[in-house]
Amino acid sequence: MRQLASILLLAFVVGSVSAFYSPSDGVVELTPSNFDREVLKDDAIWVVEFYAPWCGHCQSLVPEYKKLAKALKGVVKVGSVNADADSTLSGQFGVRGFPTIKIFGANKKSPTDYNGQRTAKAIAEAALAEVKKKVQGVLGGGGGSSSGGSGSSSGDDVIELTEDNFDKLVLNSDDIWLVEFFAPWCGHCKNLAPEWAKAAKELKGKVKLGALDATAHQSKAAEYNVRGYPTIKFFPAGSKRASDAQEYDGGRTASDIVSWASDKHVANVPAPELIEIINESTFETACEGKPLCVVSVLPHILDCDAKCRNKFLDTLRTLGEKFKQKQWGWAWAEGGQQLALEESLEVGGFGYPAMAVVNFKKMKFSVLKGSFSKDGINEFLRDISYGRGHTAPVRGAKKPAIVSVDPWDGKDGQLPTEEDIDLSDIDLDKDEL
């Protein structure tokens, strides 16, 4: 009976996993068996999401992705890959985390990583930019993204802004923008042009760079109080007004512009997902490719009930939000489930909860010695971010083996049921050793 229940439960889980998108959503299910035929050998441009069913951010993306497929129907094809079911494609295209969105444009062998806002509108804009690029390539034209006399343009990387399209492209978009107001005769503008173009190329998919000829569009320049050239304004992510524009105060080399804009982009990224380590895949998703990985080991559910555990998890999420600019990975496991991990990081032996911060590239880690509280962890992570604190080599100098376990169901633990013993077969009158 228990075996039958397990089979039914497995069938339910598998059914739930495959229910992310249905044929009626317009999202094509892609697998290793049909990917080449559907995507690589097709002339159409594709937007492809690589996801894992257990990933919270993937689940949050579902309604926007369905909306995207509906909006792009007949223009751009939209597909999805369940990377948890088969890692072949995610490995082939270097997918390190979920969800990962790639746009397969004219050069199918070199898809573009999409790193912008996870909204249907923002993703659609990126996809349509690929359509425009492909059309211009076929026609042999450079397109209309030139920034005039400033020479700031390089293909589609620097976007030409005018009085007619400024509000629509900049203010009404969710993207981060840097806008250069220039004059064609300005020497400093001409010097900035190649640096601006180079920065735009490096920041593609993260921050949009535009250029507006202030001599041709004087009313727009006046609206933003432009008094000299070049003037660079920063427009934050999300819905914005003209009053939200800020002065750019960085340097004028490509590296300066990229560094300044990247800091703004990182500040706008969502908080990292706190991932439960239930198998090798979840462990890699949480920690692979991250500068550091914050690994917490929480008490067994019988020692710390659902309310207790959720309190710990809320603390970790709060701190993940605070340190999100570091782009660290965040993971947790129940004490005793991943013994090899605990042994390699020397945690758990002195009790739970415990924490270690790991640099898997250097195979070094540091253990939280203070209180597992918001203040205690904050102080520990602050020291780590400043390069302070004691570090030790990961035992064995290799990543620990991760075993597959069931994910926590969010409920209190249940003590194992004791089986009733039939005393009728036991002769209580005999003394036996």
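Including glycine, each Cβ sits where the backbone N, Cα and C put it.
As annotated by Swiss-Prot, active site, nucleophile applies to Cys55, Cys58, Cys186, Cys189, with the evidence given as a curator's inference. According to Swiss-Prot, the feature compositional bias 'Acidic residues' maps to 417-433. The domain 'Thioredoxin 2' annotation in Swiss-Prot covers 120-267 and rests on sequence analysis. Marked as N-linked glycosylation site by Swiss-Prot: Asn279. The motif 'Prevents secretion from ER' feature in Swiss-Prot is assigned to 430-433. According to Swiss-Prot, the signal peptide annotation covers 1-19.
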Original post:
Cys189 (active site, nucleophile): which of the recorded positions Cys55, Cys58, Asn279 is the nearest Cα neighbour?
Top reply: Cys58
**OP:** Restricting to the same chain and to sequence separations of six or more, state which residues have a Cβ under 8 Å from that of the residue listed as 'N-linked glycosylation site'.
**Re:** Ile402, Val403, Ser404, Val405
Subject >> Inter-residue C-alpha distance, Cys55 (active site, nucleophile) and Cys186 (active site, nucleophile) (nearest angstrom) >> reply: 51
Original post:
Which of Cys55, Cys58 has the fewest nearby Cβ atoms, counting only those within 10 Å, among these active-site residues?
Top reply: Cys55
Subject >> Listed active-site residues (Cys186, Cys189), ranked by Cβ neighbours within 10 Å, top entry >> reply: Cys189
**OP:** With DSSP as the yardstick, break the domain 'Thioredoxin 2' (120-267) down into helix, strand and coil residue counts.
**Re:** 68 helix, 25 strand, 55 coil
